Structure formats: C-alpha cells, structure tokens
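Peer 1: Below are the features listed in TrEMBL for this protein:
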COMPBIAS  B:1-11  compositional bias 'Polar residues'
DOMAIN    B:75-476  domain 'Major facilitator superfamily (MFS) profile'
REGION    B:1-23  region 'Disordered'
REGION    B:501-538  region 'Disordered'
TRANSMEM  B:78-99  transmembrane segment
TRANSMEM  B:138-159  transmembrane segment
TRANSMEM  B:166-186  transmembrane segment
TRANSMEM  B:206-224  transmembrane segment
TRANSMEM  B:236-257  transmembrane segment
TRANSMEM  B:364-384  transmembrane segment
TRANSMEM  B:390-415  transmembrane segment
TRANSMEM  B:422-442  transmembrane segment
TRANSMEM  B:454-473  transmembrane segment
Amino acid sequence: MEAALSSEGASVSAGAAGSCSAAAGLDCAPPLPPPRVQPNSSKSSGQIISAAASAVTRRQSTVGPRGNSFDADTTLCTTIVVFSTCSPSSYASSSVIPNELRHSRAHLLLKNGMGGGKFTVMACGVLQCVVRSLAVAALVLASTSFAEAGVLFSTLDESINVAVEIQGQNVTEGPVNRVAKVGDDRLVVSWNLNSSLMGLGVDKNYVSLKLRLCFAPISQLERGWRKTNDDLHRDKTCTIVIANQKYTTDGNSTVWRIPKNVPGATYFVRAYATDERGQQLAYGQSTDQLKTSNLITIIPISGRHVTIDIASGVFSVFSIASLIAFLASEFAQTSNR
Amino acid sequence: MSSNAEWQEGNSKGEPGSSLHGVTGREPVFQMTMATVGEQEATDLKGRKFALPVDSEHKAKTVRLYSVAAPHMRTFHLSWIAFMICFFSTFAAPPLMPVIRDNLGLTKGDIGNAGIASVAGAVVSRLLMGTICDLVGPRYGCAILMMITAPAIFCMPLVSTPVGFILVRFFIGFCLATFVSCQFWMSSMFNSKIVGIANGTAAGWGNMGGGIVQLVMPLVFDIIRRDIGSEKFTAWRIAFFVPGVLQVMMGLLVLTLGQDLPDGNYAELKREGEKVNDSFKKVFLYAVTNYRTYIFALTYGYCFGVELTVDNIIAEYFYDRFDLNLQTAGIIASTFGLMNLFSRPLGGVLSDVVAARWGMRGRLWNLWIIQTVGGVLCIVLGLTGQLGPAIAVMLIFSFFVQAACGATFGIIPFISRRSLGIISGATGAGGNIGAVTTQGIFFMSSKYTTEDGIMLMGIMIVACTLPVIFVHFPQWGSMFLPASKATEEDYYVSEWNKEEQSNGLHHASMKFAENAKSERGRQSPPRSKGQAVGVDQL
C-alpha cells in the first residue's frame, strides 16, 4: 500500500516537479496554457491525501533504536504525495497577478530582459504552489502520531549484579580507571540475579537480558547527545549494544570483543532485564549509583590510515602544482606576445 | 555621451567598490543608452559571432539557462557551479557530525567553535576578493581561491583533535568568497537590466550547495562503509575526498573554459580605461556615515547569517532530536538548502513587484514582513517536537529566510550610488558576522539545548529586523513616515561636495536619481523642481 502510494505519488510529483522547475526557469517555457478549472485534479489529489493520511495513522509508530527510520519513511512518502497537489495549471492561474501590475515598469523590465513577463507569472504560480503544498503537508504530517512514553528508569529495581573484567588483565581496585583498547581487548561481562532476591519470584517475568555499554558522567559532560533521561525511550546513556541474552536464574556471562566503532570515552556496563515485549523491568550495573567507581576507559582507533595520509598529500600537491603550472604557462604565453 | 558609457562600464578597473556594482545589479538603465548591436555585428576581438544578443559592451541581454555557449552562458554556469561547490565544501562536515564528534571526542563547544570558524574566514576573504577581481580578473580570482583552499579540504581526513578540526574548517571557509567573484563575473557578462536576475539566480543556486551536501555526504559515507567495508571513523575521512576533488576539478575547468570578459581575458585585452578614478576615502566615508549601511548589515546578518547557521546545525538537530539515522537526517536537512532553488530569486522578484505599486515603502514593508514571519517560524520550529510538523515548519521557514536575503538586495542599490560596492560588501560581511554571533551565543555551550537555541534565534531575528522601521529615505519615506519634499536628485547628489559637482563628477548619480524615481510607486505625481524630466527628453 505504502509502496504503491509512493510510486504513484513519485511519478505524479516527477511530472509536477518537471514542470515546476521549467516554470521557475528563465526564458525557456512556451506560452502558458489558459487557466483551467481544477476540480478534477484537486479531487484526485484529495483522494490521494486522504488515503495517505489514513495509511499514516494506521501505522504503528515506534521510536526504535538508531537505524529505524519508520516515521521518517512515512513522512517522506507523504511529503512526496502531498507535493503532487501542484498541478501545472496552477502556474497558468492568471488570477495571481493583478491587472495593474501587468503593465507596471517592473513587469515590463522583466519582460524585456527575460523574454517574457511570464517569469513573474510563473514565479507567483510557484509561490502559490509551494505555500499550498506546504500547508497540506503540515496538516497530513501533524496526524503522525508519535511514540508512547517509555518506562521510567527510576521505577526499576536494581536486582541484577553485573561485573565486568577486561580479559587478560588483573582486577584492580583504585581511583584509576581500567583501560581497554578497541579491536584488541575483550570485555568479560558476567551477571546474575542478586542473591538476596533468589527464589522470591522477582524474576518471574524476566525473559531476556540486554547488556549495554553506557557513558559515564564524565563523558557526558558538554555532550547533549549522550544525555541521561529518566524516560528510557529518550535516554541516550546506554546506546552501545554488548549482547542480548536469555534470562536464566543462574546468571550468565559473555565475552565481547570491543568493536572498532566504539568512541573513545569512559564507560560502565548496565544490564536491563526485559519481558517478552522488550519492556525494561529491572536493571543492574557495574558501577555505583553515582556512576563514578569501577569505570573503564576505552581507547579508540584514530580512523586514520597511512594510505589516506598519502592520498591527501598527493592531491594537495597536485592542486597547488597544477595551479602554478597553469599560471606559469599563461604568463609565458602573454609575455611572449 | 562619454559619461553614459563611463557609468555603464561601472566595473572597469579602478573605481573603488566598482567590483561589487553588479552584486545587486538592480541599477536601472536608461533605455536609450543600451545601444543594441545587431547580431551580425556582434563579434568578439577574434571575429567570432556571439551566440546571445549583446549590447554595445558585448554584455548579454538575455539569459538562456539551457545553453552553455561561450562566453556568457558558459560563464554563468561555471561561476554558479563553482560557488555551489564552495558551499558544498564549507558545509561538508555538519551532516557527518554525529560520526565526527565521536571520532574526535568533540564537545558542544568544539562543534560550535568549528561552525563559527567555518563562516568567520569568509568575512575577510569576501572583502579582499573584490580587490583581487579588480586586479587580476574574476577567472583567476575564483580559480586561485578554489585551488588554494582545496588542500585545506584534503587536510580534513588527517584531523585527529578538536583544535585541528576547528582550524581546518576555518581555512576551508575562505572559499565562500567565490560569491564575490561569481557576482563580479556575472556583471561583466550580463547587461545591467538582467544582471539582477542572473546574479540572484546564481546566488540562490550557489547557496543550494549547502543543501545538496547534506544529501550527498551521508550517502557517500554509507557507500564507503558498506561497499568498501571501512570502519565508521575511517569512512568519513575518505568521504571528504569528494568535495576536495570536485573543487580541484572545478578550479581547473574555470581556468581552462572561463573567460573574464565577453571579448577575452584581462591579459589578452588592451584596456582602454578613461575612467575617472573615484577617491577611496570619499567612497568609504559615505558608506560609513550612512546609517542605513549598518541597519542592513544587521538585518542581513539575521537572514543570510541564520541560513548559514542552520546549514551548520540542522542535520545534527534532526539526528539527535528525532532519532533518525544519518541518511534520513541528511535528506531532511538538505531540503532547507534546496529551497534556495527558487526562494532567493523569488524574494527579489517579490520586492520588485511590490515596488511597482508602492515604491520603496513597499520594499521596506516587504522585507520587514518576510523576515519577521521567518523569525516567527524559527520560534515555532524550536518548539515543534513532532517530526512531521518540524519538517513542514522548517520548509516554510527556509522559504521566508531565503526570500528575505533576496529582498534585502532589492533595497541595497538605492542606499547610495557612489558607495554601492562597499555597502554591498559590508552587507555581505554582515551576513557572515550574524552567523558567527548567532552560533556563538546560542549553539556553543550546553546552556541552551539546540531546540531552545533555535527558538531564541527566532526571537533574535524578529528583534533584529525591527531596525528596518528606522530606515528613512527623504524622497520616498519609510515604513511609517511619508516622503518629505526632498527629491531623488537631492539625495544622490548630496554624496558629492561642491567641488566635485563643479567638476561634473555627479552626472552619473543624477541619471541614477532620475531612474530611481520608479521607487515612488505608482500614484505619486512628480515632485522634482520644475517639470519632471522624461527619459526621452535627455
């Protein structure tokens, strides 16, 4: 349904866009057709709009993890459809320009310069079209419902114990963070249910366990895109996925090789216990409440390569050298004359 | 009449600020001084016929967008594409900011500083570029600037610290001065009657580069990551070779295909300059003592400056606030810049249409209304929390902000005839300064979230557009005050002192004043001393 709508909308808009850009161009269009009454075109575009609107509201919108562009796809599709309300006849609508302006100096100036006062007519037609389609777009897209609020972190119990080690390094206590390198080092994350809560049925709804690498407060400073928010749908603290495991009462552990796209920062590990729908029920983390102890600093890759450095140098030299060569040859040419 | 020819040849070497005469290009021209050369006679120095109808200076009288005929249309396309690629390079980092900020460990302050640096360099380079074009010609000016800043673009893949990032963006930003060479080149190639439209279209299409880059860079990044298999932190570096290579290629194209003047290149032509050299000191003085210069520099800072600021922040804003992926955020952000395809030219056209009926007062109201509505929409954008409405508001906001830029340059030519070049340059510089200030106040520290920053920017736009109320032309009035008994001649000739007037230096200004009577609007009777001198009686 979505695909059919968007392909139809796209082909209509391609036609409309083609005439749009031709209309906005200069000295290129043949004389405009006389203004047409547009009940037919507006009725069909109205049908498209209402169909799109109902499709949009029917769709369940969720704020998914990064990479889920559900709402954006819907939005773009609807926008394409909406822009198809621009019919070529709107440009021909001569009611836009009042009669006294037709003979105005500005109009004549443009007409003489541009090979047609049609530029002003077209410009006003484009303006009209733009304003109309944007108004419709705003109406349709306003009906896009947005995500429901998520679970609040402050309502979760801390019923999981999480411990993290860097494989191959001794466990150290102390003020200095442990250091791990991406690509080389592995984190051994082990978790289990808090022993004081065993057998009390606290974990009867826990289906899976999500392990996440989370930014420590020091790495969130001055970086609003990593901000902590009590609403877990908007929380950006724990965006890096370590593993998703099935929940077992005995606990489990995993060995995670730190991937190369992890940014350099200070982290701790958090585990969320979730039910079958993915709603968080409880959590555990490898640090204290203030998130200041037991942190891990991860050293990233720089992203630079020797080949890139060399290519960069070669291109720069080429740019300057070819400029100098060109100027020199032109100077030689003119001084030889 | 030699003085006519002088005036029309406003951008020959020598006259201070003359390089920017074509920037606005709305200087009205006497019908009879644009002597038409028959197409059979119009040949350049090498005897080749021109493809377009030309005037006596061999400047084209019309613009044919679909043609690439040398020299006029080829120049048009070379210069707007060159300007567009410079915009592309300057704003190549913002759409990839979510990746770059993680790679380099940037804070909000670092990103803000880099954004400021990217537009700050152009404040100086735009002012210098006019002189360079006067001296060596726009072809060399444009090509040299592009090829000298290209190494800065190639340095971006090497950056590994925040300071390096800020420095590289600063040096890349110098290439925004191709705006001046673009406008200068157009005014050498196109007759004054149409140079306004040619310049407005080229400026608008060049500004589109800021939109196109938001589409292209995430796509290139994605292709490199998926198909070449690079890591994120390497892929963005490789992606930067695209703007760099484009800029070098364009610089070479400008050098090989470009031509300074319709008749040839500066070096090839013997220049016949019987120009009266104006005194730089005087021209500067009259620009600096005219309060309207400052008002329009301020207001341009809050339409063009806002456009530059939004180019810098909008992709990251959509990525962070609405949880989109990089490509989708880029597509949405690109629509802002792409609206320039028609919004900037339309702003100028609207100004002309309104002036035909209400004259200069109409132009002032037009500018004030468009820019204030833009400010209100900016406030709404900051307050909009849903994705769909935010896109819609952003689109409408972009139209108004860019139309305000076009409308501003509908008024600038009438502020002063003698100091037009410097005033135009000051306005352009004011645009960049506005961008620097806005980013510095609202988008640097974590004091304001980005959405609050956008909302406050909107309030600032409305506030900084209010000074338009105080712009008063004695001969035409202002927004709230009617015209006084003064005439256009009084206003424009007052820029010359008694001695200069006795030497006859003010004749061109007199003619300009005569043409400027169009700014009275439709219904006012002539108010000049004695009979109104008709065009055909001169």
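Quick reminder: no glycine exception, Cβ is built from N, Cα and C everywhere.
Remember, it's a predicted structure, so these values are computed and weren't measured experimentally.
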Peer 1: To the transmembrane segment (B:138-159), which of B:78-99, B:236-257, B:364-384 is linked by the most Cβ pairs under 8 Å?
Peer 2: B:236-257
Peer 1: Counting Cβ pairs under 8 Å to the transmembrane segment (B:236-257), which of B:78-99, B:166-186, B:390-415, B:422-442 comes out on top?
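Peer 2: Of the candidates B:78-99, B:166-186, B:390-415, B:422-442, B:78-99 scores highest.
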Peer 1: Mean pLDDT across the domain 'Major facilitator superfamily (MFS) profile' (B:75-476), rounded to an integer, is what?
Peer 2: 89
Peer 1: Please identify the stretch among B:78-99, B:166-186, B:364-384, B:422-442, B:454-473 with the greatest number of Cβ pairs below 8 Å relative to the transmembrane segment (B:206-224).
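Peer 2: Most Cβ pairs under 8 Å with the transmembrane segment (B:206-224) come from B:78-99.
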Peer 1: Quick test of the contact rule: Cβ under 8 Å, at least six residues beyond the ends. What residues does that give for the transmembrane segment (B:166-186)?
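Peer 2: Long-range Cβ neighbours of the transmembrane segment (B:166-186): 11, 19-20, 22-23, 25, 75-76, 79-80, 82-83, 86-87, 89-90, 92-93, 110, 113-115, 117-122, 125-126, 128-130, 132-133, 138-139, 141-142, 145-146, 149, 152-153, 155-156, 159, 195, 198-199, 202-203, 206, 247, 260, 425, 428, 432.
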Peer 1: Same chain only, please: residues at least 6 beyond the ends of the transmembrane segment (B:78-99) with a C-beta under 8 Å from a C-beta of the stretch. Say none if there are none.
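Peer 2: Distal contacts: 111, 114-115, 118-119, 122, 138, 142, 146, 149, 153, 156, 165, 169, 172-173, 175-176, 178-179, 181-182, 185-186, 201-203, 205-210, 212-214, 216-218, 221, 232-233, 235-236, 239-240, 242-244, 246-247, 250-251, 253-254, 257-258, 311-316, 319-320, 326, 329-330, 333, 337.
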